């Protein structure tokens, strides 16, 4: 599994440039026509896949790792889960908290590294989600281990990230950032993309068993996202502890 550039301090698994990048966009997290439009568009797919795999979220304790402005966190809370969302971008968390107050959706947002939370609350969550986050940290395998530690035995951990191959470079960077302008330029670094085999290996080393994988595709003509068997660019992986 490849890694990103550098962390902001020894022992902290964070690329400060990534935190600053998303902090600069924080005010636009809940604008469905902003740079975060793709996340709003794919969120129903992510939520549906989680529910299809893990069952009803009602009454379950859920952790959303790398929650950003809370798009997925809120939707899981609306589905009945008791949700904690963690992120290291304080500005994004501020927006998430404000939106929660406006929408009346209760989520516990915390600015804490996932590794630190794993030491505090091992084996406490029924569902752990880590979506579109692994490609933005220096040591993704460390995040996978922490997510595994946080899950209860027999429960679920979900990941989504980007495959690493020429097609993903063409679609996720050239196409999405430069041609279609779905994302700001510089959102992704190709070297930080993760092959499914690499993620599966990290999951198994952390005590998680991969149980399923789905691809996510975008049709530029209809401007619609859909789940598919094609995992060559964006993919989601379910694992069980």
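Cβ atoms here come from the backbone N, Cα and C positions, even for glycine.
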For the S-adenosyl-L-methionine site that Swiss-Prot assigns to 66, 87, 131, which of 46, 145, 155 is also named?
46
Take the Cβ of residue 46 (S-adenosyl-L-methionine binding site) and count every other Cβ within 10 Å, whichever protein chain it belongs to.
24
Under DSSP, is residue 66 (S-adenosyl-L-methionine binding site) helix, strand or coil?
coil
Let me know the DSSP-derived helix, strand or coil state of residue 46 (S-adenosyl-L-methionine binding site), please.
helix
With the cut-off set at 10 Å between Cβ atoms, which of these binding-site residues ends up with the most neighbours? Options: 66, 87, 131.
87
Considering all pairs of residues in 46, 66, 87, 131, annotated in the record as contacting S-adenosyl-L-methionine, what is the maximal C-alpha distance expressed in whole angstrom?
19
